[in-house]
């Protein structure tokens with residue numbers, strides 16, 4: 001296909017250069033200086049001063065060598081180290097603590113509530129977990145209304161609590177005091193498993209009075225205002241952490257990285273506690289576990305221009321027109337939120353250069369955000385020679401003047417842009433795998449872009465094999481509903497750890513009691529033996545010292561106690 005496209009592109013470049021020369025000559029013949037009047041064509045169709053562009057030049061910009069990808073991996077790894085040391089002030093990869101100390105081990109059981117606020121949707125779920133069985137789930141879905149997304153924090157959390165209460169009341173469990181796990185998929189500075197301060201809103205939220213506040217406290221205050229439900233919020237997690245935990249549950253307890261590739265991208269992995277300087281410096285309670293899941297927040301990589309060498313001119317155009325220019329750079333490169341718009345900008349450039357559609361675009365094609373990312377998946381699903389979806393999409397864009405080679409070129413643009421995203425995502429995953437460095441590593445992946453793009457998973461796996469260090473083995477596990485299942489499973493892990501810690505405390509108390517009893521018996525025996533042999537002592541002021549730790553004072557012997565030492569007198 002690429003050979004045909006190359007031939008087609010060369011022919012078009014030659015033909016279009018002749019056409020541009022004819023138009024230019026016509027312009028001078030008529031004495032017209034206004035480009036918009038050339039041959040009756042509007043400015044949106046082409047400009048004489050456009051730099052040369054072809055499919056080859058586009059592909060050259062989006063093609064990243066493994067050398068470039070490894071350079072990016074090295075920069076990411078250094079930023080991860082800086083994030084562990086100093087957090088978001090020190091690095092564009094924040095490396096935020098989750099305070100989740102373990103993965104599920106298969107013994108979790110109980111009934112739990114999970115809430116998932118991600119994007120513009122809210123889900124409330126009731127999950128029954130039993131060892132060795134599939135999770136049983138009942139759920140309620142709703143869309144967050146625009147007034148809540150752009151209103152006050154009190155309005156937003158009151159709406160969330162309203163949905164929770166209605167679900168619990170419908171199930172008749174509003175007074176059962178069930179534990180709640182809350183998946184809150186926005187960057188938070190976490191201070192414990194149930195305390196997290198929102199750093200910034202993403203995904204279209206502009207709710208006031210939440211940034212800088214403790215999200216769990218806001219939810220609990222809203223629950224208290226209602227007063228008609230009884231629950232306990234025990235964990236607040238990120239969707240990436242939930243994906244990692246859900247993947248571990250599916251794979252029998254093993255998952256080394258959790259990855260989201262949806263509208264944006266993020267990852268989590270298990271890190272040694274000794275390396276988590278920033279996260280533990282703000283902890284509100286002692287953390288007594290050897291490991292912790294880290295929420296990398298790698299979507300911000302590049303926000304300080306440290307990754308400019310992987311940006312194309314099209315990425316820069318899309319970023320400059322975005323809602324938050326210069327923010328979440330890696331999100332925009334890998335996730336689906338901007339992928340369609342990048343393709344559209346490329347198509348617009350090719351059209352204006354008369355490489356595509358004979359230079360005749362449409363108002364829709366030249367309108368920002370008119371080419372959603374789902375178009376890419378639909379175009380690439382077309383079977384060879386059919387192009388049913390491609391024709392439908394061109395119709396939706398108001399383009400009816402296209403050739404077979406136009407459809408081939410459109411498809412190839414979708415390939416080069418989305419494959420670049422897959423390669424960057426693979427490089428980021430490989431960076432973490434090379435840091436974790438364990439055998440037979442499991443990567444749990446969730447997200448709409450990864451799931452619904454027909455080739456994305458294959459491209460990620462293919463590139464990973466080239467970038468992961470030799471000798472390291474890995475497996476990709478596509479995980480369904482990590483944000484929902486993960487929240488319930490983490491709540492179950494908390495319950496399991498609570499039981500385990502209580503049991504350990506009881507065992508320690510029993511061991512201490514047994515030790516005390518043994519010491520007491522030894523002292524009593526020594527006292528009895530000493531009293532029975534007092535006549536053997538010739539010197540009335542001789543004393544026997546028995547070291548007694550943690551034993552009560554006895555009144556049944558003759559002697560003194562000083563600094564924990566019993567002095568038994570031999571006086572008659």
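Quick reminder: no glycine exception, Cβ is built from N, Cα and C everywhere.
Copied over from Swiss-Prot:
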type	residues	note
BINDING	116, 117, 118, 119, 120, 185, 239, 263, 446, 447, 448, 483	D-glucose 6-phosphate binding site
BINDING	116-121, 263, 336-337, 373-377, 448-452	ATP binding site
BINDING	185, 186, 202, 203, 238, 239, 266, 297, 331	substrate binding site
DOMAIN	49-492	domain 'Hexokinase'
REGION	105-237	region 'Hexokinase small subdomain'
REGION	238-481	region 'Hexokinase large subdomain'
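Per-residue pLDDT, averaged over the region 'Hexokinase large subdomain' (238-481), rounds to 96.
In sequence order, 261, 262, 263, 335, 336, 339, 373, 421, 456 constitute the residues six or more apart from residue 449 (ATP binding site) in its chain with CB-CB distances below 8 Å. Here the Cα atom of residue 266 (substrate binding site) is found 9 Å from that of residue 239 (D-glucose 6-phosphate binding site).
Of all the binding-site residues listed here (116, 239, 331, 446), the one with the fewest other CB atoms within 10 A of its own CB is 331. Between the farthest pair of Cα atoms in the D-glucose 6-phosphate binding residues (116, 117, 118, 119, 120, 185, 239, 263, 446, 447, 448, 483), the distance is 18 Å. Other residues of the chain with a Cβ within 8 Å of the Cβ centroid of 185, 186, 202, 203, 238, 239, 266, 297, 331, the substrate site, are 118, 187, 240, 260, 264, 299. When the alpha carbons of residue 376 (ATP binding site) and residue 202 (substrate binding site) are compared, the span between them is 24 angstrom. If you compare Cα positions, residue 116 (D-glucose 6-phosphate binding site) sits closest to 185 out of the binding-site residues 185, 202, 452. Under the DSSP three-state reduction, residue 118 (D-glucose 6-phosphate binding site) is assigned to strand. For residue 238 (substrate binding site), the same-chain residues lying six or more positions away in sequence with a CB closer than 8 A to its CB are 96, 98, 183, 184, 185, 188, 266, 268, 295. In sequence order, 262, 263, 336 are the residues near residue 448 (D-glucose 6-phosphate binding site), counting only same-chain partners six or more apart with C-beta under 8 A. Considering only the binding-site residues 202, 239, 331, 446, the residue whose Cα is spatially closest to the Cα of residue 119 (ATP binding site) is 202.
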